[in-house]
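Peer 1: Have a look at the structure that comes next, please.
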Amino acid sequence: MVLLGVDRMRGLIFRPTRGRWITQMSQLRSHGSTGLFVPPSPPLDHEKIKELQRFISLSKKLLVMTGAGISTESGIPDYRSEKVGLYARTDRRPIQHIDFIRSAPVRQRYWARNFVGWPQFSSHQPNPAHWALSNWEKLGKLHWLVTQNVDALHSKAGNQRLTELHGCMHRVLCLSCGEQTARRVLQDRFQALNPSWSAEAQGVAPDGDVFLTEEQVRSFRVPCCDRCGGPLKPDVVFFGDTVNPDKVDFVHQRVKEADSLLVVGSSLQVYSGYRFILTAREKKLPIAILNIGPTRSDDLACLKLDSRCGELLPLIDPQ
């Protein structure tokens, strides 16, 4: 799942100087990024807060599934949010799995854009919603956490009972031999191969990507696997790809063990996450949804809240 996009976020410039790369993001920093990608929401409803508190208090084996809406408050844009999501602001669309696999020029374009976007993307930090879920785990309230996000923010917050359903941008895999590399290590290899390359991004998108012109991309050099010389791919599920069946089975089992399910920041439009809602319904688990805007499963939920994740979750006592 990969692409980020904000037309007004110009000024992201990468240029080599004295062996180091400089990032200029003055416009982003001057305006602040925390709320830039969060859609408008109504004021907190205290009655709904009480209902969510009751829902959490009654749960002994809570499973939480998170989506892009939990990370927008950390400054990471999403795809589908009204007015502020990538789809609402631009006609650009995420890279497709089959195109990345089949085409070296597509991989070159992807990695050039990812190289420029990586320092900013990797620097994002957990927000109060991530820290709240980490605290729930420490206190024994959280049976399991399933995230559709690839930003590693739950790991940064300390969650360990965690499944990254769509993988993680902080890891890179060789398509030929399966060798795994840390993404930060690959950044150094990119720099070594492109000592005089420079680029100015025309906007940023959801998963460590930026927008570059074809002319900027054309001269960018992409490293191969150190072990076998094969092509490299981030350890994430691109659009058009499928989640590993063993991982799907594992999550289904965690759902079956749970006694309730809370969705946080997901419209559930992607089937890879929606299928677990169907499993919860079959098991007759109570389902609560915290998401700004409608979701695919509103009719299956006993409780729906349209609030910011980072404002609401810290108000809940998990004990």
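Using N, Cα and C of the backbone, Cβ positions are placed for all residues, glycine too.
Feature list, courtesy of TrEMBL:
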type     : residues                               : note
DOMAIN   : 42-319                                 : domain 'Deacetylase sirtuin-type'
BINDING  : 67-87, 148-151, 265-267, 291-293, C309 : NAD(+) binding site
ACT_SITE : H166                                   : active site, proton acceptor
BINDING  : C174, C177, C225, C228                 : Zn(2+) binding site
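How buried are the listed features, and what sits near them?
Peer 2: Across the domain 'Deacetylase sirtuin-type' (42-319), the prediction's mean pLDDT works out to 91.
Counting only same-chain residues six or more apart in sequence, the Cβ atoms lying under 8 angstroms from the Cβ of C225 (Zn(2+) binding site) belong to C174, S176, C177, E179, P231, L232.
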Peer 1: Between S71 (NAD(+) binding site) and H166 (active site, proton acceptor), what C-alpha distance do you get in Å?
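Peer 2: Cα-Cα distance, S71 (NAD(+) binding site) to H166 (active site, proton acceptor): 15 Å.
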Peer 1: Determine which residues of the same chain, besides C174, C177, C225, C228, have their CB within 8 A of the center of the CB atoms at the recorded Zn(2+) site, and list them by sequence.
Peer 2: L175, S176, G178, E179, C224, D226, R227, G229, G230
